[in-house]
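A.B. asks: According to TrEMBL:
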ACT_SITE  Asp204  active site, proton donor
BINDING   His4, Glu179, Met180, Glu181, Ser203, Asp204  purine D-ribonucleoside binding site
BINDING   Gly20, Arg24, Arg43, Arg87, Val88, Gly89, Thr90  phosphate binding site
DOMAIN    16-224  domain 'Nucleoside phosphorylase'
SITE      Arg218  site 'Important for catalytic activity'
Amino acid sequence: MSIHIEAKQGQIADKILLPGDPLRAKFIAENFLEDAECFNTVRNMFGYTGTYKGHRVSVMGTGMGMPSISIYARELIVYYGVKKLIRVGTAGSINPDVHVRELVLAQAAATNSNIIRNDWPEYDFPQIADFGLLDKAYHIAKELGMTTHVGNVLSSDVFYSNMADRNISLGKLGVHAIEMEAAALYYLAAQHGVQALGIMTISDSLVNPEEDTTAEERQNTFTDMMKVGLETLIAE
Ligand code: HPA
């Protein structure tokens, strides 16, 4: 076991879906995986391994924000040998053409965090998705009929930001949405030579605040996003 994950070696598949919310990990295990077994309950950060269409896959919550996902993703990669990591989460749109319930595939992630800057102060080191996963996810999402945007997101350290206007103005530079984890996940993937992708459903719009979703609509779009994530994980 590692410091924050109590699984034994071999209990975690080399492909994993990473929702922020551990209860969503439980939902995915119960609704999409066969023979799912729980491998982690430490801090209620539930993780499960089962099979999806005959392929062994895992799903585990990461918590919110880059410090939290960095802990789990690093332990999954370094201690448990995970090679493909797909974050499935929500994001707030900062682009008037990106609407609630639509999908954003984070081709890259800008960040206001110091996580990367601390290591590389003299570079603007871009955080990018694995192209193979991105390419597969895009085609799978299109086939499922989902409106899908591919591009930059902002991974922010702050949800209730005092700099909201500045963050929103990044929309004018083509940044689609704000979320809180992708840049750290991509940085870890780069450090350890593994594959990572962030898939986000737009849950709210910071530029069209009147756009809203019902609980049922949110559940349906999240379910579609989970399918895109799982199909991408198992695609050859
Ligand atoms: N900001 C940051 N993270 C988010 C948001 C947001 O507006 N919406 C969903 N995740």
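Cβ atoms here come from the backbone N, Cα and C positions, even for glycine.
Looking at the shown structure, can you explain where the listed features end up?
C.D. replies: Residue environment of Asp204 (active site, proton donor) contains 16 other Cβ atoms, counted within 10 Å of its Cβ in all protein chains.
In this structure, Glu181 (purine D-ribonucleoside binding site) belongs to neither helix nor strand by DSSP; it is coil.
In sequence order, Gly61, Val88, Phe222 are the residues near Arg24 (phosphate binding site), counting only same-chain partners six or more apart with C-beta under 8 A. In the three-state DSSP classification, Arg24 (phosphate binding site) falls within a helix.
In the three-state DSSP scheme, Arg218 (site 'Important for catalytic activity') falls into the helix class. Around the Cβ of Arg218 (site 'Important for catalytic activity'), the number of neighbouring Cβ atoms within 10 Å comes to 16.
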A.B. asks: Taking only the recorded positions Arg24, Thr90, Asp204, which have a CB closer than 6 angstroms to any atom that belongs to ligand 1?
C.D. replies: Thr90, Asp204
A.B. asks: What's the longest C-alpha separation between any two of Gly20, Arg24, Arg43, Arg87, Val88, Gly89, Thr90, the listed phosphate-binding residues, in angstrom?
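C.D. replies: The phosphate-binding residues span at most 22 Å between Cα atoms.
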A.B. asks: Quick one: of His4, Arg43, Arg87, which of the binding-site residues has the smallest count of other CB atoms within 10 A?
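C.D. replies: Each of the binding-site residues His4, Arg43, Arg87 was scored by Cβ atoms within 10 Å; lowest is Arg43.
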A.B. asks: Could you list the residues of the same chain, at least six apart in sequence, whose Cβ is under 8 A from the Cβ of Thr90 (phosphate binding site)?
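C.D. replies: Counting only residues 6 or more apart in sequence, the Cβ neighbours of Thr90 (phosphate binding site) under 8 Å are Gly20, Glu179, Met200, Thr201, Ile202, Ser203, Asp204.
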A.B. asks: Show me the subset of His4, Glu181, Arg218 whose Cα is within 10 Å of Gly89 (phosphate binding site); these are the recorded positions I mean.
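C.D. replies: Hits: Glu181.
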A.B. asks: Just the number: how many Å between the Cα atoms of His4 (purine D-ribonucleoside binding site) and Arg218 (site 'Important for catalytic activity')?
C.D. replies: 30
